[in-house]
Amino acid sequence: MAELEGFEFGKSDFVLLDEVTMEQFMENLRLRFEKGRIYTFIGEVVVSVNPYKQMDIYGKEVIDAYRGRELYENPPHLYAVADAAYKAMKRRAKDTCIVISGESGAGKTEASKYIMQYIAAITNPSQREEVESVKNVLLKSNCVLEAFGNAKTNRNDNSSRFGKYMDINFNFNGDPTGGHINNYLLEKSRVVQQQAGERNFHSFYQLLRGDTPETLRKLHLKKEPEVYVYTKEGAAVVTGSNDGSCHKAVLSALKVIGFTQDEIDSIYKIIGTILLLGNMEFENDGEAVQLSSADTVSHIAELTATEPESVSKTLLFRTVATGGGEVIEKGHSKQEACFGRDAFAKALYERLFGWIVSRINAVIEVKNYNPALHGKNTVIGVLDIYGFEIFDNNSFEQFCINYCNEKLQQLFIELILRQEQEEYNREGITWQHIDYFNNQIIVDLVEQSHKGIISILDEACLTVGNVTDTVCLESMNTKLGQHPHFTSRKLCPTDKTMEFHRDFRIRHYAGDVTYSVEGFLDKNKDPLFQDFKRLMYNSSDPVLKDMWPDGQLGITEVTKRPLTAATLFKNSIIALVDKLACKEPYYVRCVKPNEMKSAVLFDDARCQHQVAYLGLLENVRVRRAGFAYRQPYARFLQRYKMTCEYTWPNHLMATDREAVEAIVTQHGFEGDVAYGHTKLFVRTPRSLYTLEQERAALIPILVLFLQKVWRGTLARMRCRRMRAIYTIMGCYKRYKVKAHFWEVERRFAGVRSMDDYGKSVEWPTPPAALAEFHAITQHLHRRWRARQIIKNIAPSDMPEVRAKVAALGALAGERSDWGCGRPWERDYLANARDSPQTSANFSRAAKELRGKDQYGQTLFSGSVRMLNWFNNTKDKALLITDKHVYRLDSKKYKVNKRIPLETVTSLSVTSGSDQMVALHTSNQDDFLVYLQRGQLCTNQDRVGELVGTLCDHFRRVRDTDLPVKVSQRGLSVYMSGKQKSITVETKAGQVTPDFRKSRGGYTLFLPQ
């Protein structure tokens, strides 16, 4: 039983109806349709009502919900029956089949596609390439078969005009390995004639409207379907699909399946040939008949790879062999020529469709299969067959289709009864006889040897002479006049709904159907002149030649008379029924809610008629004949144990059966159940609904209780987990801290004995908690290391060290070379090695200045180049003491200019290798000098020495930092209160650095 969805949606299983009547059945079906529940169970049978709209019930989430679940665990759905068939096949290694039936427009084709999609979705979880290939071909074959076998009818935009049975083969893992398709009774008469408002097969319109102009030109076709006799009836008919996009999908599907480009071209050449044949006209020329258009003949010959003369001759003549072996050519009348043309067109399309099916089968057949090596090969069959048809004018096709439905209905009832009986026998339940209508008498009326209607039709076709449809009807009246399910106007003269000499009526299980006998014999003979077969066999197109193997027979060769269409169809249906009978069947019964294709209209009379001829009420009665509901003890107990105090939450009895008996006894249902070996059988739905109502009342209480318990459990689990987490985190943090200390201790154990005191030792990465402590430790190590280094420095070298440290901080790495790696002499003018010729003169001048200005020490002295009052560059001497900055004459060292050291506010240098320095003063009259190198080293950088010495002096003496600006491009200075910009350039041929006046100030030209 399906999981109940709620009483507002009706009963999800018709077995649970209070009374099995047509009124209650229809009321439940209508309610579910109006509530958007298009599927309903009858036991394991799914009743599907076409919703005429897209529904969001086929996605991946829905597939996952039904995968591996039992039928009664979810609401009714196609996926439930598909999964049941798949599980039976996989678990029990049983061949199964899904039979989809219903009238045109009831949704059979869509149902079969959804079933195929579900099977494809749940198989091959490992994504094996060869299995995916088989799945793709099986799914794509639907697209191709729909294009060539479906058409727009007044009842359905995508009506299958053939019956289809597909076997899908599975390996022992449950993955598809191949398949086989059987097709039944293609409605080939549609090729040449359609009813008003209907279309030819989709393939014609898809080719004309979807292919490229170049392809159509090669096929000698025009884009407009109304140009062609065979398609003009449906040219203006509106459908729900786009022919152009469908054509692209079909071409893609053909390539995926494995059709070659030559084969695809041949397929559409045949379609083009049929369209051109329909426009072929004949005209009388005296006693002979002529073709009206030679161009059309040549186009047909080109498309079929034959000779134009052969095509023309085949259309106008037929070859007849006399009894003496003589061969004569007999010309057609205009009527015979038209008949032959249409028969040829129908045969071409029928053979094309059969070849496409066989070609698909060749691709998907199971190859290299060895049961001993690969395990048992199981099968799921999917049957999408035409439903019972009753039209205003019922002909040979409806006769065959309704015979097919009689056979399937017979199988349906037999299998349902057999399944019920087998289950009752297995469970040890007494079987009760069920009265039902056995339609074997109707099947015999149609197929019985020598007496059935098919035999009478075949006999009439074999009779020599002018045997007409009327003569055949008379033979039926004579032989079948006493049959209770056959009648005609002659046998019942008062029934004016039938015409004399034309109509006969069969009382089918689904209702009375009146058939018109006109055309029965021609359609049964299915005549096609042998000349057409020879013409196609002699084609140089291998695909076309392959479709007509019977054309190889010579004109005089005697052949066995071919079987008639009715006999061929009967044999194929008998074979189909035998094939289905050996499989475990599952059924989908499709119902069409209205003729308007409306998503809201429910036509009671129309639906009631379908329910009747599908035998759905009989199905319910069979299911309920003994017991309406049955379920394994464990499943029953699991569902209803909360309704009994002895079984909730778990029972203490010896077996599940005893626990089920306790539930039944507590509710007083002892007289309404039977106990099988493994299942409980409930006779009436009322008992079940009593249990369901009590369960529904208890579920909210249990849910609240379970929620409370579970929430408490989750909270306790979360609390314990958090405590454990914090404990682990605390231990881990302590471990990481200790581990960091141990690692630092290990790495720095011998730093006292290292030459660099641990500078090269890499520090370990600290945990986040020790980040600040790590920074402090590194700082302490650096200070300790500095102290160790300083301890080894002589006191006389400390001023130089302090100056270099000051320079390092002031230049901040912006000047790459600043003389850090050499000794700093400071007083270069007094140094005999650097200034050997002038050092004595400078010393005397410095001594006089010391006595005069009373300065304590010389901070820096050196030769420089400076601008004079006339903007010329002159050699000068620079002396910086702890009190003044002096500009001296370079020869006698007389003071040219003296400024107090305290007026110096900042320094500016460049980032390059030039030796230019600007001493900025508070009175805006800056010192701009270019330091010259002496004899000690011709490429010494003395800028860093000057900067470091002044910065160190200012920090020690004045306890303040002297700002130093390092410029990338040039300097900005004040000269006599005016701002000037100083740029630096190199110049070819320049010998000494010179300042030259420029537009915005001065340019220092350096040698290249």
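Heads up, the Cβ atoms here are built off N, Cα and C, so glycines get one too.
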(request) Using TrEMBL as the reference, determine which range in 44-66, 573-595, 711-733 is annotated region 'Actin-binding'. (result) 573-595
(request) For the recorded ATP site, whose residues are Gly102, Glu103, Ser104, Gly105, Ala106, Gly107, Lys108, Thr109, find every other residue on that chain with a C-beta no more than 8 angstroms from the centre of their C-beta atoms, and list them by sequence position. (result) Asn50, Asn156, Ser159, Gly387, Cys590, Lys592
(request) Can you check which residues sit near Gly107 (ATP binding site), meaning Cβ under 8 Å from its Cβ, same chain, 6 or more apart in sequence, and list them in order? (result) Ser48, Val49, Asn50, Cys590, Lys592
(request) Among the binding-site residues Gly102, Gly105, point out the residue whose Cβ has the most other Cβ atoms within 10 Å, with all shown protein chains included in the count. (result) Gly102
(request) Run through the Cβ atoms and count how many others sit within 10 Å of the one on Thr109 (ATP binding site). (result) 23
(request) On the DSSP side of things, how many residues of the region 'Actin-binding' (573-595) fall into helix, strand and coil, could you say? (result) 9 helix, 8 strand, 6 coil
(request) Can you tell which of Glu103, Ser104, Ala106, Lys108 has the least company, meaning the fewest other C-beta atoms within 10 angstroms of its C-beta, among these binding-site residues? (result) Ser104
